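Annotated features, as they stand in TrEMBL:
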SIGNAL    1-24  signal peptide
DISULFID  CYS34-CYS51  disulfide bond
DOMAIN    65-215  domain 'Cupin type-1'
BINDING   ASN110, HIS115, GLU120  oxalate binding site
BINDING   HIS113, HIS115, GLU120, HIS161  Mn(2+) binding site
Amino acid sequence: MIMTRIHFLVATATLVFAFSLAYASDPSPLRDFCVAIDDPKAGVFVNGKFCKDPKLATANDFFYSGLNIPGNTSNPVGSYVTPVTVSQLAGLNTLGISLARIDFAPYGLNPPHTHPRATEILVVLEGTLYVGFVTSNTDNKLFTKVLYPGDVFVFPEGLIHFQFNGGNSNAVAFAGLSSQNPGVVSIANAVFGSKPPISVDVLTKAFQVDKKVIDYLQAQFWWDNN
């Protein structure tokens with residue numbers, strides 16, 4: 001009986017220790033990077049936002065108005081994203097969620113992009129959208145679907161994805177994201193519109209094309225629809 005109790009206590013202590021290790025992890029990053037410094041006076045960014053004294057919070061800290069207003073799709077890609085992240089809605093801080101409205105002109109595109117810190121779930125309210133995402137190396141498998149009003153599709157965190165309105169009328173979708181600051185990396189903008197530009201030698205070898213093609217692509221104006 002004594003040995004049974006000892007075994008039970010040892011097993012319980014082991015489980016408690018294991019669970020404590022499982023939960024003793026670093027918080028998910030909320031910015032692209034956060035360089036460590038020894039002098040806090042030299043700090044500029046933190047991983048997230050500073051918190052307001054709860055006693056000073058008001059209902060307006062948790063309120064945002066304007067998602068009923070269509071975004072301006074008169075741009076080269078024919079789409080516009082209206083985000084509601086912690087930058088627009090302070091009450092989202094530490095809650096791990098955000099939202100966006102996406103408007104599409106006929107044949108408008110939300111170009112291939114990734115969210116480095118969030119999974120996205122999309123619901124179509126108006127029109128139809130051709131959507132898809134590509135899995136990571138080495139498969140690079142493409143998953144696509146045509147969505148109609150009321151349809152829902154999910155894009156896993158960090159994977160390249162897109163939405164395209166192939167119809168003759170406008171389309172509207174809303175997206176939920178699993179981060180207060182999901183981030184957006186538009187593939188074409190990042191590769192061909194970086195500042196300073198990525199070396200032509202790098203891009204010609206990476207894409208296996210002539211230098212003139214890279215020069216042409218880097219000379220374009222890469223529109224940011226966010």
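Note that the numbers count up from 1, one per residue, in the order the chain is shown.
Including glycine, each Cβ sits where the backbone N, Cα and C put it.
Whatever TrEMBL says is automated annotation, not expert-curated.
Local packing around the recorded positions CYS51, ASN110, HIS113, HIS115, HIS161 was summarised as the count of other Cβ atoms within 10 Å of each Cβ; on this measure the leading residue is ASN110. Proximity of GLU120 (oxalate binding site) to non-local residues of its own chain (separation of 6 or more, Cβ distance below 8 Å) is seen for VAL154, PHE155, HIS161, ALA175, GLY176, LEU177, SER178, PRO182, given in sequence order.
Excluding ASN110, HIS115, GLU120 themselves, the residues of that chain whose CB lies within 8 A of the CB mean position for the oxalate site are, in sequence, ALA100, HIS113, THR114, ALA118, LEU122, PHE155, HIS161, GLN163, ALA175, LEU177, PRO182, VAL184. Across the fold, the C-alpha of CYS51 (disulfide bond) and the C-alpha of HIS115 (oxalate binding site) stand 24 Å from each other. If you take every residue in the domain 'Cupin type-1' (65-215) and average the pLDDT, you get 96. Shown in sequence order, THR114, ALA118, PHE133, PHE155, LEU159, ILE160, PRO182, VAL184 are the same-chain residues outside HIS113, HIS115, GLU120, HIS161 whose Cβ sits within 8 Å of the Cβ centre of the Mn(2+) site.
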